[in-house]
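If you look up TrEMBL, you'll see 16, 17, 18, 19, 20, 21, 22, 23 marked as ATP binding site. Per TrEMBL, domain 'UvrD-like helicase ATP-binding' is recorded for 1-280. According to TrEMBL, the domain 'UvrD-like helicase C-terminal' annotation covers 285-582.
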Ligand code: SF4
């Protein structure tokens, strides 16, 4: 087939799926013109990066650099036209970047005289509102609409918010005009107006023999109009299109771009490219199965059949894998990448991991792969700087300094537990103890309050805590810089350079090994932060520092193209699917394809959906906007784009949790038509030195292994422990037993003495008895991750039930009360919100049934606080807490009801020995509710999410301590007045011993710190 782009004589639409050689033909055609010294063709590319890559390829193919190929983006073309045809004394407008434009809109909205409806008052100052207004302004210009058109469309449909946006648009354009700046949409609009001027069009047309447009389907209506005006019928236009992977509809890409081409150029010839040379047949078939669910582009049937019936070539396979959790997912991913590199010799730079959601999916994935020793490359602007671990404490320090240098407890703890602070949880607790010891009045004050006061300089720091004093002084110096109106970079530099952290990172970076990759990554992120601080336009002093901290946190800093171009192809690329357009790799992993994430059908404008704005023959109008079906189709195209990037092997992954519907593979996985493999176990990987050391250590300490094997493992460890690199650094320091965790005896077996009574809540007793490690990490070290949806839901159901029980909420108002809080629960997907809502309604309904039919004699109260002193083993213990519900029987005895919101209920037997409600009973008997009574009538566990068959929640009763003072014949238990005293004594013994050992069991399933638990995995921490 001859190259349809080489010497076009009229309009041509080239339809070709990914890998069919559209770009190669374009490069050859333009290079041929250069070689033959013919009049040049104008090539329009989608992005600056794509234009630059195309230019390089054309120059290489032409073999000469004397004639530069005319390759540019539509915006660059417009800028050239506007600059070239401006009045001689006009310097031409400055161009606002998208974030700069948004910033300007926010400023203007603050004092906007536009007639905004009253209901928008609260939204006017918000960033989200400014974003939506910006999108509407861009859309209006894409459709060639003026402010009056927009106002008219709003007024005609009775939507006065839209009418106000029209008024605001006029004001916005006036201000920008006065300032001599324009935005991208306005730039295209002005270029189109320019082409209408006499002589301009002819001058431009005379320069080009043809116009070649890459990615025609991603152009918006204004850009399509510009190309049409530019070419007319005089210059042949060749449009390269792959409508099934057109993904920028949300930016205004024309939904029927191929049909529009045929409409605008009725004489167009449609050419299809039928063979995808570099895409394996298996991958082509899988993508075709997905594409069949998309609407057909409006071209003739034959052309469509040829376009969709593309054939593949080359070797490669498609695999779909699911995993039970994120940790297993990351481990398998790392193992697959490493195996491909070592076993199949795929260069790191020829592999990519693509995800849907950059901000939420990339940072954890990058960290997990770096931790697994995989070299990864992430363009600087893909991961928000604020998500970088190394950047967070600097930003936080900046924020604190900007606010006067007085951190709260949470801020102080986060600062001190970071690389900047240099403390770990145990060290910080020790600081807390010393601060308490230095000030008797601080005996009951939590550590976080004490360290916050110390950092703020309002509490004396003990002499032993030099590091804490140094951080305090550093924060004070940074605060003083802010007070002296210094700019953010000066304050950041003070914070960064004033600790040993930079030196530690530098040493790690040059040492090599796994820590080196992490250190390099952290240093890169910090450098990027300094670059941004240096180039940001904000003022100095407090306003500038606060602005910069807030803007980085909200990712409002302009995208950093330098960080993008710094990606050097030496590691596995991690990027969003949107960024993958136009790129290919031998191995592509499309990762984390979860329902709720992909498709992402959240609407991007809740007040003003720009897609509602249209322009028909009758004029501008407000329509219904994109339907969910449209959104799913766009997401499907994006998925197809991601899958079609593989030139060899394609792996598509998702997490499929065993419980909790949050983790559900996307519907797109099934559409590939490839049977998924569910991988549960950890991959057997010995591909890194660190893993080898861990395996050798495990074997050397394995009692079940033969003595010879253990000895051999120990001998190899000894060799590794002595090995050093060229600079004398230990290659495998973790092979040295001196560094092994848990091998040494504790430095002290005497736990710090606890003075005064031990204070315990019933849930703490239960937690200490269930698993001391989990208790320590979650309660004392505060290492619990943020609350999961499940926990938040439990609290919501609890709160509503409590208000209903107290009479504060009438049964008929329960649904409204749930409505009021529901929108603020961060559900990952709309369907999950709906299904959980149904469950919450059912739980509250069960509660109301139970409350109405329950034979309680007298309700003493709900959420009743108590404090009771008991003595166990001669030790004073203070029991504190609050009971969900306290009832009094006719004989005066008190009964506690504890509501549970878990989905699985215990057995009756287990409920009878539950320490938590046992402790409530003990609190009653010890006078915790003295005013109500001091005799316990037993306790109940009521499971609101578990139905008993009659519309009631399941209830499990625990006998009173009088009925059943002991549960076993265990002499230890019998030595105490009741079984509950025994349990409290056991809990106190754990605290007094200061040993918080892991105790594995069924409870591990929902343990928030299980990922690091040695008892669960038997792992050795290397
Ligand atoms: S996983 Fe199990 S044993 Fe480990 S800390 Fe959690 S509850 Fe304890």
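Cβ coordinates are placed from backbone N, Cα and C, and glycine is handled just like the others.
Whatever TrEMBL says is automated annotation, not expert-curated.
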Legend entry - Protein Cβ atoms within 10 Å of residue 17 (ATP binding site), excluding its own: 27
Legend entry - the domain 'UvrD-like helicase ATP-binding' (1-280) [mean pLDDT, rounded to integer]: 88
Inset, instruction - Check residue 21 (ATP binding site) against DSSP and tell me helix, strand or coil, would you? - result: coil
Inset, instruction - Look at each of the binding-site residues, 16, 19, 21, and point out the one with the fewest other Cβ atoms around it within 10 Å. - result: 21
Legend entry - Shell list (ATP; ref centroid = CB of 16, 17, 18, 19, 20, 21, 22, 23; cutoff 8 A): 242, 273, 276
Legend entry - Among 18, 22, 23 [binding-site residues], residue with fewest other Cβ within 10 Å: 23
Inset, instruction - Please work out the number of neighbouring Cβ atoms within 10 Å of the Cβ of residue 20 (ATP binding site), leaving out its own Cβ. - result: 24
Inset, instruction - Going by DSSP, give the three-state secondary structure for residue 16 (ATP binding site). - result: strand
